Amino acid sequence: MAAPTSMANADGESTRTGYCAATKSFRSLRPPVPLPPPDVPLSFPEFAFSLLPRSSSSSSSSLLPANPALVDAATGEAVSFQAFLSRVRALAGALRSRVGLRGGDVAFVLAPAGLDVPVLYFALLSIGAVVSPANPALTPAEVSRLVSLSGASVAFAVSSTATKLPAGLTTVVLLDSPHFRSLLMDCGQAQGQEPLPVVVVRQSETAAIQYSSGTTGRVKAAALPHRSFIAMVAGFHALRAKAREVRTLLGAPMFHSMGFLFVLQGVALGATTVVVTDAVARAGIRGLVEAAERWAVMDMTASPPVVLGMTKQRCRLPALERITCGGAPLPAPAIERFRRRFPHVDLCMGYGSTEAGGISRMISQEECNHIGSAGRVTENVEVKIVDHVTGKPLPAGQQGELWVRGPAVMTGYVGDNEANATTFNSEGWLKTGDLCYIDQDGFLFVVDRLKELIKYKAYQVPPAELELVLHSLPQIVDAAVMPYPHEEAGQIPVALVVKQPGSKLTEAEVMYNVAKQVAPYKKIRKVLFVDSIPKSPSGKILRRELVNHLRLCELSRL
């Protein structure tokens, strides 16, 4: 039977793929979501609070949602929406009048997840300050590098992380101090003091500086405007469940771009965000699962390692309806295991980046059935697939570098004109550096990072493709594929493999089973058995650490 033909709409776009022959780009198949005019002054908090659904328990339209805005997953302490707004307003005023923050000031945040962190984010954003969150587990040297990159003048930390901050910061505020508690309860202007002028924040102004992962190169600081978060949250708002309370377990770190977004989104949608504090996180995946059960959450954000680990936990999670997963690829065998273990849960894969925001995601049960894809292109987003050698745009079904254009894209890297020049083209397209393709049904597939392609003779071998094959082998727990220098071939693919406990799997068996499933030039040429694969909190393989590991290994036979 012939494949169904792709129809075109009035604009000449394929109704199946979104490909437009005139522009040689793919547009989202989803209905466009209206956004505020870009020249209208509007901070993200203003936009978020305007979206809040009103309580159905009263005829008064002024009442906020009756459910809590935030719940501590460990203690059960809750913050109502009324209390949340009151704290945000009090803190915003105190940050201006008592701390001296002004619009454009960069605030470095080095604090573990807690109920005060979302309040701090919203307060900073509402006065036009720039939020720059970082991983509290970083070393002092790493923290110093990020503070320097962002140009932060003030830092918010806790007692245990403040010692990592470099000297030279104008102000350091500890979230676990009486001083900060007094800022949260600030009652306004002191008697006789001149009132502060009203803050006007434009959508084009920087809201956050977030750091690229640095898994494959030096860390860079991406500046994201208020409009970026307005656009992303508007898309989620258009799909929100009407007239019901939604409880979401925030399984992504608050400093991570995904966790940061979902903190903002949860408030804007009137959902209850169950915050995973250190007390829960220390218990690992078991702690997350127990929190999901205890609070009967319907939604959950999770990285691939968490999704993998959930299949090994003894739990049912009857209330759970959806998991949003992103940050790194999830092998098809792992997805199949999850679906068998939790058939009532939609595992919604998504794809995005710190620099581009959300690029694609799954939004329905039908879309979740397209295993291996990252969903369809997000509303209001336009992408191109470009041959990375010739620069020629490609149609559906062909692999090339993914370029993105849309309202959620970053303004640029802070203080790095060289990186900006290579990342953006003259028409505003952001080059992701990811090798992708869009299939005949409009689903986006991420093949690999272009920088990570292994140059074997005249061929390019995607490590992620080989990693998926390795993950499909029953005796392998985890795996990574790396290039290794070779005199004749240039580079050869080397697999680092974590075996199942007690497995007697051999190097020859691994190489044989992979060779049966790939083209000859993609074959694994060497296998090293290791105890673990180093990964970031989001599940990305830390390839730089593996490079060091390979250097230490004896590879004289290659």
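The first residue you see is number 1, and the count goes up from there.
Here the Cβ of each residue, glycine as well, is placed from N, Cα and C on the backbone.
Annotated in Swiss-Prot:
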type	residues	note
BINDING	SER212, SER213, GLY214, THR215, THR216, LYS220, GLY350, THR354, ASP434, ARG449, LYS540	ATP binding site
BINDING	ARG282, LYS457, ALA458	CoA binding site
BINDING	GLY327, GLY350, THR354, LYS451, LYS455	(E)-4-coumaroyl-AMP binding site
REGION	284-349	region 'SBD1'
REGION	350-413	region 'SBD2'
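Cβ packing within 10 Å was compared across the binding-site residues GLY327, GLY350, and the lowest neighbour count falls to GLY350.
Rounded to the nearest whole angstrom, the C-alpha distance between LYS457 (CoA binding site) and GLY350 (ATP binding site) is 34. Close to GLY327 ((E)-4-coumaroyl-AMP binding site), meaning Cα to Cα within 10 A, are the following binding-site residues out of SER212, ARG282, GLY350, ASP434, LYS540: GLY350, LYS540.
Per Cα geometry, LYS451 is the residue among the binding-site residues ARG282, THR354, LYS451, LYS455 nearest to ASP434 (ATP binding site). As a whole number, the greatest separation of Cα atoms within the (E)-4-coumaroyl-AMP-binding residue list GLY327, GLY350, THR354, LYS451, LYS455 is 28 Å. Shown are the binding-site residues ARG282, LYS451, LYS455, LYS457, LYS540; the one with the most C-beta atoms within 10 angstroms of its own C-beta is LYS540.
The Cβ of SER212 (ATP binding site) has 19 neighbouring Cβ atoms from other residues within 10 Å, across all protein chains displayed. Closest to ARG282 (CoA binding site) by Cα-Cα distance, out of the binding-site residues SER212, GLY350, LYS540, is LYS540. Geometry remark: LYS455 ((E)-4-coumaroyl-AMP binding site) versus SER212 (ATP binding site), CA distance 25 Å.
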